[in-house]
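Visitor: The following block contains the structure, expressed as structure tokens.
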Protein chains: 2
Amino acid sequence: MSSEKPTNNNDSIIKPELLGGFRDLLPAEALMTQKVVDTIRKVYESFGFVPLETPGMENRKVLLGNTDNFNKSIFLARIVRGIEDKKIANDSWDQDYTLRFDLTVPLARVIAAYPDLPKPFKRYQIGKVWRGERPQAGRYREFSQFDFDIIGSNSILADIEVIQVMYQSMKALGIDNFLIRFNTRKILNGLAEAVNCLDNSKELFRIIDKLDKIGLTGVKSELMRQPANEYDDTALAMTENKAEKVIAFLQIKSESSDDVLVKLQDFFGDSDDLGQSGLYELQKISKALTDLNIPQKNWKIDLSVARGLDYYTGPVFETTLTDIPEIGSVFSGGRFDGLTNRFIAGSNIAGVGASVGIDRLIVALQKLGLIDKRDSVTDVLVTIFDPELQKYSMDMVQELQQNGYNTELYLGDDYTFRAQFSYAAKKSIPFVVIIGPEEMASGKIQLKDMNARKQELLTKEECFANLKSSLGK
Amino acid sequence: MSSEKPTNNNDSIIKPELLGGFRDLLPAEALMTQKVVDTIRKVYESFGFVPLETPGMENRKVLLGNTDNFNKSIFLARIVRGIEDKKIANDSWDQDYTLRFDLTVPLARVIAAYPDLPKPFKRYQIGKVWRGERPQAGRYREFSQFDFDIIGSNSILADIEVIQVMYQSMKALGIDNFLIRFNTRKILNGLAEAVNCLDNSKELFRIIDKLDKIGLTGVKSELMRQPANEYDDTALAMTENKAEKVIAFLQIKSESSDDVLVKLQDFFGDSDDLGQSGLYELQKISKALTDLNIPQKNWKIDLSVARGLDYYTGPVFETTLTDIPEIGSVFSGGRFDGLTNRFIAGSNIAGVGASVGIDRLIVALQKLGLIDKRDSVTDVLVTIFDPELQKYSMDMVQELQQNGYNTELYLGDDYTFRAQFSYAAKKSIPFVVIIGPEEMASGKIQLKDMNARKQELLTKEECFANLKSSLGK
């Protein structure tokens with residue numbers, strides 16, 4: 001500590017380090033994020049979704065309910081006042097300030113707190129969330145979520161709209177090869193009922209969700225696994241007969257959704273209520289997507305889509321990229337009726353929505369060559385020939401900005417051309433303007449095209465025409 | 001606790017309440033915020049500023065330095081893992097996770113951590129910050145800051161650019177009557193030197209900053225105030241002679257900046273180095289603003305502008321609204337060279353920038369009638385006549401969206417027209433489209449103008465022409 005060794009100067013210098021699991025978005029990353037967010041936001045708004053902002057912290061019970069046995073690593077916070085600081089270790093801990101770990105529970109609080117919000121309430125939200133899990137490659141303790149949800153609609157049209165929004169978002173980003181796979185929890189509940197596993201359906205869905213990773217054989221042996229000991233309540237210990245039934249279910253697939261629906265009807269027969277209501281949902285969704293001319297290559301019924309979270313109650317969705325499936329789901333969600341029950345007993349308010357993985361999308365867009373990585377937005381750098389002439393450079397900056405070009409005046413301390421061009425090159429600024437005494441005298445300016453490595457003496461009109469044809473503004 | 005009284009149902013219901021000092025931005029507020037942020041962001045980008053995102057939490061020493069005697073109320077955080085929770089009160093407290101209380105110190109960390117960033121580095125950042133002070137009307141524990149800064153330029157051109165950015169931002173928001181008042185810490189240091197108060201300049205500036213509130217008489221008596229007791233080190237106990245000198249300084253004002261500069265020259269004479277360098281800065285800035293044709297009514301040298309924060313080293317700026325000065329400064333900042341010294345001893349990297357108060361601006365824009373408060377972005381609601389015809393409604397939604405109109409399909413459960421119109425009215429959606437069997441048969445649609453309370457049977461072409469003339473899209 002510096003107070004113990006006040007003569008050691010190095011000791012008082014602080015390392016400019018991030019906390020583990022946190023990161024900076026430097027301009028290049030921040031610009032890509034902004035572009036993706038703006039693009040998707042426009043799609044959300046085209047469907048009438050509006051923004052909502054909730055705080056980074058909520059009361060702990062709001063986020064976790066009354067339980068003390070929550071199953072998450074979360075951040076709690078407390079206020080420390082100046083020199084009281086030294087007492088922290090011994091202080092009792094204020095348990096109220098809890099950092100949000102998703103945007104869905106805060107949404108449920110908003111719905112419960114403002115009953116006058118017109119319903120269906122359609123909101124989107126982008127915001128940071130915090131989780132305490134150990135950081136890994138690509139997994140951070142702080143990350144942004146970008147959700148949209150429809151609250152208060154039981155209509156299957158709302159589920160269909162969620163798929164439409166995902167579809168339009170991917171198209172708006174320039175992605176053509178993606179696949180929206182969907183299923184419904186009701187079908188899965190029908191399956192659970194059919195194999196007498198309704199009480200343990202959570203475990204059943206968890207195993208089904210692993211199909212991609214462990215294959216049919218793996219699923220079957222997981223289903224039949226006996227408990228490791230008397231405390232192991234995760235083993236389903238299914239009979240081979242029942243496990244085969246699950247496998248038969250998972251083998252129902254076809255490029256044609258009508259085909260899948262016929263096979264499902266066969267599987268469930270007429271007796272199973274849960275299965276029938278799920279079948280009805282899949283039929284409705286399939287018909288609507290066909291009616292809307294959403295291409296067959298972009299959607300598919302996939303009975304193995306279960307989604308891990310407990311709270312889904314109806315259709316569930318996952319969007320993967322056909323060319324780079326290894327990236328995983330980039331846009332996923334589902335129906336979660338009843339989320340406000342924590343605040344309003346028995347309210348059972350309907351909800352359906354999805355969340356886009358911005359970071360994964362940016363990785364994908366880069367791999368697909370659909371997004372530029374630039375750390376600048378500047379179109380033109382205006383140099384300063386010499387401080388005496390700076391007025392003319394400043395005027396030119398203003399004129400360029402008024403014409404819609406992002407324009408920087410060179411603000412460095414080194415006025416050599418070498419330094420000024422080097423700044424433009426480092427920031428990949430495509431054009432540089434030079435106004436010296438000769439240009440002043442002739443009423444012209446030098447325009448340097450940094451990519452073409454070409455410099456021309458032009459009138460202002462020629463300069464603007466040149467920029468217009470090159471930059472398309 | 002619910003675990004103690006499991007039979008009491010009410011006890012398990014949680015109030016959907018916010019923490020004190022935190023707030024929601026419901027769609028109307030969030031939309032206004034977004035509009036203001038987007039407008040200002042465009043101005044920032046037109047000058048070549050690029051976005052940067054830093055984490056919500058930083059290492060405590062990064063934010064506070066090595067001191068234990070920091071003078072702020074801040075939030076510390078820690079990770080709690082599920083059922084370990086019960087041990088919190090007795091646990092030792094992890095002192096690393098500290099929520100940021102501004103965006104400037106994190107910027108300094110970024111500058112120190114990434115030495116390869118091309119300089120001058122021009123970034124903007126919008127983000128939430130957290131402070132532990134007791135909440136008051138209009139003062140929250142969580143609020144957003146929206147800063148822009150130029151790092152690594154000692155040039156006065158950078159200071160001038162900050163004023164230009166503030167000017168262009170106000171204009172872009174549609175505000176004409178505003179006043180950018182500026183001064184420089186160097187002039188104030190010259191004054192402090194002239195009255196032998198350099199060692200106590202912080203206190204001197206604090207008193208000068210209060211001029212608006214306490215007037216010249218108040219300032220004079222504050223300057224001359226004797227210590228209340230032997231521990232009172234805030235009293236300057238100035239002689240009347242010196243206090244009069246400060247008052248004389250504060251009385252230097254004129255609508256003409258040239259006038260102010262001449263009077264300042266008289267005040268300091270030729271001997272005072274600090275005053276002279278300040279004078280030079282004010283001269284340069286005034287000349288540039290005149291050269292740039294920034295109207296005289298929008299800027300002014302004001303020697304009482306001091307800005308409270310310790311870290312300012314050069315020009316300081318404040319923007320107030322001429323028609324509603326009671327709102328206070330909406331855009332302010334200054335030069336703060338040396339901010340990275342905590343991380344790189346003696347680096348003394350130059351910095352200048354400003355921060356806009358979004359919340360205050362929104363209040364102002366509403367008072368000035370320059371921003372609409374709407375809780376919807378939807379242009380058209382397409383109703384569902386009956387579920388049999390929903391395909392036609394869905395097609396119409398798609399077509400309207402493709403033509404650039406934000407369009408909602410009615411997603412409510414109640415298909416009566418009363419319910420559908422009521423939804424449109426509650427959300428102030430200006431147009432409603434109706435497609436029933438008659439419209440189907442005639443190939444036309446009903447377009448209802450909600451504001452004009454007029455409904456017409458139109459061809460699609462007529463409908464789009466109508467929307468275009470009304471909504472201007």
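Placed from the backbone N, Cα and C atoms, the Cβ positions cover glycine too.
Curation does not apply to TrEMBL; its annotations are automatic.
The L-histidine binding site annotation in TrEMBL covers A:ASP102, A:LEU103, A:THR104, A:ARG131, A:GLN145, A:ASP149, A:ARG307, A:TYR311, A:TYR312. The domain 'Aminoacyl-transfer RNA synthetases class-II family profile' annotation in TrEMBL covers A:21-387.
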Visitor: Could you say whether, by DSSP, A:GLN145 (L-histidine binding site) belongs to a helix, a strand or a coil region?
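Guide: Going by the DSSP assignment, A:GLN145 (L-histidine binding site) falls within a strand, counted as strand.
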Visitor: Measure the Cβ-based neighbour count of A:TYR312 (L-histidine binding site), defined as the other Cβ atoms within 10 Å of its Cβ.
Guide: 21
Visitor: Can you see whether DSSP assigns A:THR104 (L-histidine binding site) to helix, strand or coil?
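Guide: Helix, per DSSP.
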Visitor: Mind giving me a neighbour count for A:ASP102 (L-histidine binding site)? Other Cβ atoms within 10 Å of its Cβ, every protein chain shown.
Guide: 16
Visitor: Can you count the other CB atoms that lie within 10 A of the CB of A:GLN145 (L-histidine binding site)?
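Guide: Its Cβ has 18 other Cβ atoms within 10 Å.
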Visitor: I'd like to know the mean pLDDT over the domain 'Aminoacyl-transfer RNA synthetases class-II family profile' (A:21-387).
Guide: 91
Visitor: Looking only at A:ASP102, A:LEU103, A:THR104, A:ARG131, A:GLN145, A:ASP149, A:ARG307, A:TYR311, A:TYR312, which the record lists for L-histidine, tell me the maximum pairwise CA distance in angstrom.
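Guide: Greatest Cα-Cα span of the listed binding residues: 22 Å.
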Visitor: Which residues, sitting 6 or more apart from A:THR104 (L-histidine binding site) on the same chain, put a CB under 8 Å from its CB?
Guide: A:ASP147, A:ASP149, A:PHE336, A:LEU339
Visitor: Within the chain of A:ARG307 (L-histidine binding site), which residues six or more apart in sequence place their C-beta under 8 angstroms from its C-beta?
Guide: A:PHE205, A:ASP209, A:VAL316, A:GLU318, A:SER332, A:GLY334
